[in-house]
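Here the structure is laid out as C-alpha cells; the discussion comes afterwards.
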Amino acid sequence: MGGNNPIALPLLLTVASLVAAGYSWGDTPDRLPLWWSVHGHPVLWVPKSVGLLLFPVLGLLISYILYQVASRDKMLDGQSGESAYAIANIISLPAVLLFVEYTLAYLTVAKSSTHTFPSAIFTSNIAVWALFWLGYNLQYVTPNSSIGVPVFSKEADIWVTIHKHAAWGLMAAGVVLFVFALACPVGLAYFVVSLVLWLGSYGVVVVYSFQFLRAAQSAPPVLLEADENLQRPLISEA
C-alpha cells in the first residue's frame with residue numbers, strides 16, 4: 001500500500017485513550033456498566049479494568065486486522081493519492097469511532113453517579129463516522145478485493161458507479177440519523193429506528209451493489225460495441 005502507514009493514527013488514538021483511562025481511573029467505581037437498556041439504564045456490569053481498557057484495545061485490534069487484510073491485497077500495491085488516503089481513513093475508522101465514543105460517551109458514563117447512557121451523543125457519533133465519513137471516503141476507493149463495498153467485479157466502471165452511489169446513500173443516511181439522534185426522545189422506538197438507519201444502510205448498499213452488478217452483467221454490450229466501432233476509423237485515419 002502506498003502513502004502513510006494507516007495504522008499510525010489508531011496507535012496514536014490508543015495511546016491517547018489509555019492516557020484518558022489512567023486520568024479517569026481514580027474517579028470511577030470498581031465496577032462499570034458495559035451494556036444498557038433501551039432507556040439508557042445499565043444492565044451489565046464488568047470490572048473497572050475491563051470497562052476502561054476494552055474500547056482502546058478493541059479500536060486498535062479492529063483497525064490492525066483491516067490493515068493486515070489490505071496489506072495482502074496486491075491490487076492495493078503502489079496506490080497513492082486520493083484512493084490511498086481514503087483507504088487509510090477507512091482502515092483507521094474503527095479506532096477513530098471507538099476513541100470518540102470512549103472519550104465523549106463512555107468516560108462520561110463511567111464517572112457519573114447514575115451511569116445513564118448518553119444515547120444522543122453515541123448515536124450522533126455513529127451517524128458522523130460510521131455512515132457519513134465512511135461514505136465520503138468510499139467514493140474515492142479504486143478497485144480492490146479487500147476495502148470497500150463487496151463488489152464481485154474488477155471492472156472499473158462498475159466499481160466506480162457502485163461506490164459513488166453507495167457513498168451518497170451512506171452520507172444521506174448519516175445526516176438523517178444525526179438529526180434523528182439529537183431530536184427524538186430515548187426509548188424503544190429510538191433504539192429500533194437508530195438501528196435500522198445504521199445497520200439497514202449497510203444492508204441496502206450491499207443489496208444494491210449485487211443488483212447493480214447483475215444488471216450490468218446481463219445487459220447486452222451493444223453500446224460498448226458501437227463505441228468501439230466509432231473509434232476505429234478515427235484511430236486508423238490518425
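Every residue, even glycine, has its Cβ placed from backbone N, Cα and C.
Bear in mind that the values here come from a model prediction, so they are computed numbers and not experimental data.
As annotated by TrEMBL, domain 'DUF1648' applies to 12-59. The predicted model assigns the domain 'DUF1648' (12-59) a mean pLDDT of 95.
The signal peptide annotation in TrEMBL covers 1-21. Long-range contacts of the signal peptide (1-21) within its own chain (CB-CB distance under 8 A, at least 6 residues past either end) are made by residues 52-53, 55-57, 59-60, 63-64, 67, 70-71, 76-80, 84-85, 87-88, 91-92, 94-96, 99, 102-103, 107.
Here TrEMBL flags 50-70 (among others) as transmembrane segment. Tertiary proximity for the transmembrane segment (50-70) is limited to same-chain residues at least six positions away from its ends with a CB under 8 Å from its CB atoms, namely 1, 6-7, 10-11, 13-14, 17-18, 21, 24-25, 28, 31-34, 76, 87, 90-99, 101-102, 106, 110, 144, 146-147.
Residues or ranges marked as transmembrane segment in TrEMBL: 82-105 (among others).
Residues or ranges marked as transmembrane segment by TrEMBL: 117-136 (among others).
Residues of the same chain lying 6 or more positions beyond the ends of the transmembrane segment (166-183) and with a Cβ under 8 Å from any Cβ of it are 119-120, 123-124, 126-128, 130-139, 149, 193-194, 197-198, 201, 204-205, 208-209. Taken from TrEMBL, the feature transmembrane segment covers 166-183 (among others).
Positions annotated as transmembrane segment by TrEMBL: 189-210 (among others).
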Outside the transmembrane segment (82-105), at least 6 residues beyond either end, the same-chain residues with a Cβ under 8 Å of its Cβ set are 1-4, 6-7, 9-10, 13-14, 16-17, 20, 55-56, 58-60, 62-63, 66-67, 70, 76, 117-118, 121-122, 125-126, 129-130, 133-134, 137-142, 144, 147-148
